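TrEMBL lists 79 with the feature active site, phosphoserine intermediate. The feature Mn(2+) 2 binding site is assigned by TrEMBL to 26, 79, 471, 472. Annotation comment: TrEMBL describes 138, 168, 169, 204, 211, 286, 287, 288, 289, 362 as substrate binding site. What TrEMBL lists as Mn(2+) 1 binding site is 430, 434, 501. TrEMBL lists 20-544 with the feature domain 'Metalloenzyme'. TrEMBL lists 99-323 with the feature domain 'BPG-independent PGAM N-terminal'.
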C-alpha cells in the first residue's frame with residue numbers, strides 16, 4: 001500500500017510569499033549556568049538577544065535523551081540524532097539504545113554479522129576498533145566490554161583492541177581511566193584463556209575517525225597503525241602510551257590529538273596487526289566517523305590511499321550499517337533504525353524546492369542525517385545541496401570557520417527565488433566548543449550571531465519566514481562542574497575545560513516579515529523537542545503537518 005505524501009493547505013496559516021529558512025546553530029544551548037564559562041551567555045549576541053525578547057516567538061525545546069531516541073535523559077544529544085529528529089519529525093530508537101537492546105537480549109550474538117566474525121574465533125584474531133569512552137555520542141565503553149565478553153564466551157581465542165582516545169565527548173585526560181578499565185576487562189578474559197590485548201591507538205581527531213572526507217590522512221594513519229602495525233611511536237602497554245603522548249602538565253596534548261601508537265612485544269614486534277582471515281569489528285554505533293575507514297576495509301579496489309597490504313579473507317563488520325544507500329558495511333552486528341517518511345520526502349513529492357548548505361564538518365547533518373540516513377538527493381531536480389570545504393586545522397585557531405561563506409551562499413539562495421525552503425547549519429559553536437577553548441568559542445558564537453543577522457535581514461527582503469534553533473548544547477558550558485554546579489579547577493587553579501555536549505535544551509525562534517502577526521508559539525506542548533520542529537516547519541510553509549509527526553509548536557492566535 002503506497003503512502004500518501006499529499007500536503008493539505010493549512011486551515012488558518014497562509015503560505016508565505018517568500019521562502020522559509022531553517023537555521024541550525026550547531027551546539028548552541030540555553031544553559032541554566034549563566035556565568036563566565038557559558039560562551040553563549042558571555043558572547044556579545046545582539047541578534048539572538050533581540051529574538052529572545054519577542055513575546056510568544058521564543059521558547060526552548062529538548063535536544064537530548066529520550067526526546068531524540070537515546071536510552072535515558074542522562075544521555076547527551078548529538079548532531080546525528082538531533083538532525084534525524086529535526087528532519088523526520090519523529091523520535092526513533094537510536095544507535096546507543098539499539099545496541100543496548102541487542103546486548104541485553106542476546107540478539108547481537110544471533111545475527112548474521114556475529115556469525116561472520118565467529119568464523120575467525122578458533123584460528124584467527126578478532127579486532128575491535130573504535131572510540132574508547134563512555135561519552136555515548138559515537139560509542140560506549142560498556143558496549144565494547146559486552147562485545148569482548150560475548151566473543152570470549154563464544155570461543156574467541158585471540159582478541160585485539162585498537163582504541164581511539166576521546167577528550168571531546170568526555171573530560172580531557174580521562175583516556176587513562178578508560179584504558180585502565182579496558183585493561184581490567186582484558187585481564188579478566190586472559191584469566192579465562194583468551195589472549196586479549198590492546199594493539200594500537202591514537203586520538204580521535206588525529207587517527208581513523210575523519211568524517212565527510214575532510215582529511216583522509218587521518219584514516220591512513222589509522223590503517224597503518226591498526227592493520228600494518230606502523231606508527232610514529234611504539235610502547236609495550238597502552239597506559240604508558242597515553243600518558244607519554246599526553247606530555248608534561250605544562251604542555252599537555254589533548255586526548256583528541258594524540259599521535260598514532262602501536263603496542264609491541266619485548267622483541268619490538270607489533271602484538272596485533274590485522275592478518276589474512278582475521279575479523280574486524282568497528283564498535284562505534286554512530287555513522288559519520290566510521291564511513292571512511294569502512295570503505296578502506298570493505299572495498300578491495302579501494303584507491304584513496306595506499307593500503308600497502310589488504311588482508312585476504314577479511315571478515316569485516318560494523319556495529320551498525322553506517323550508510324544505508326551505499327550498504328556500507330555490508331555486514332553489521334545491529335540493524336539500523338528505519339526512519340521513514342522524512343520531511344524531505346514530503347517536500348519533493350509536493351514539488352517544493354530546497355537549498356541545504358553547511359561546511360564539510362556538518363554537511364552530512366543537513367543532508368544525510370536530515371534525510372533519515374540516506375545519501376544523495378531525494379530529488380536532484382528539486383534540491384540543491386552546497387558543501388563549503390572546512391579548514392583542516394584545529395577549529396579554535398580559526399573560530400569563524402566557514403560561517404561567512406555559508407552566509408554568503410545562503411543569502412544568494414534566498415534572493416534567487418528558486419527555493420521555498422532554505423536549510424542552513426553553522427558548525428562553529430559545536431566544533432570550536434569541542435576544543436575547550438573558551439575565548440575561541442565566544443568568538444565563534446559572536447560570529448554566528450552576526451551571520452544570523454544577515455540571513456534574517458535577507459529573508460525579510462523577500463517577505464519570507466524563518467526558524468532559528470539548534471541541535472544540542474555545547475558552547476553553553478565550557479567548564480566541568482561538581483554535583484552542585486560549581487566550576488571545577490585543576491591543582492594549578494585553572495578551570496577544567498568541558499569539551500563535550502551538554503544536557504541543556506536549545507532555543508527555538510520563529511519570525512520573519514512574511515509571518516502573520518497572529519502566528520505564535522503554543523503554550524500547551526511544554527515537553528516539545530527537536531522532533532516537533534518538522535510539523536512546525538510545514539505549518540509555516542502554509543501546510544497542515546503530516547499526522548505521523550510530533551505536534552506543531554505554532555498556532556494562529558484567536
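Note that Cβ sites are derived from N, Cα and C of the backbone, with glycine treated the same way.
Note: TrEMBL annotation is automatic and uncurated.
Summary of the Mn(2+) 2 site environment: with the site residues 26, 79, 471, 472 set aside, the chain residues having Cβ atoms within 8 Å of the Cβ mean position are 24, 27, 63, 77, 78, 82, 83, 362, 365, 430, 470, 474, 501. All protein chains shown were included, and the count of other CB atoms within 10 Å of the CB of residue 79 (active site, phosphoserine intermediate) stands at 28. Ranking the binding-site residues 26, 169, 430, 471 by how many Cβ atoms sit within 10 Å of each one's Cβ puts 471 at the top.
Candidates 26, 211, 472 (binding-site residues) were compared with residue 430 (Mn(2+) 1 binding site); those inside 10 Å Cα-Cα are 26, 472. Within the set of binding-site residues 434, 472, 501, the entry lying nearest in space to residue 138 (substrate binding site) is 501 (CA atoms). If you check the recorded positions 79, 211, 287, 289 against residue 26 (Mn(2+) 2 binding site), the ones with a Cα inside 10 Å of its Cα are 79. When the alpha carbons of residue 471 (Mn(2+) 2 binding site) and residue 289 (substrate binding site) are compared, the span between them is 18 angstrom. For the recorded positions 79, 287, 434, a Cα to Cα distance of within 10 angstroms from residue 472 (Mn(2+) 2 binding site) holds for 79.
Figure note: comparing Cβ neighbours within 10 Å for the binding-site residues 211, 472, the maximum is reached by 472. Report note: the Mn(2+) 1 site is defined by 430, 434, 501, and the residues of the same chain whose CB lies within 8 Å of the CB centroid of those residues, excluding them, are 26, 27, 78, 79, 168, 169, 429, 431, 433, 472, 474, 475, 499, 500.
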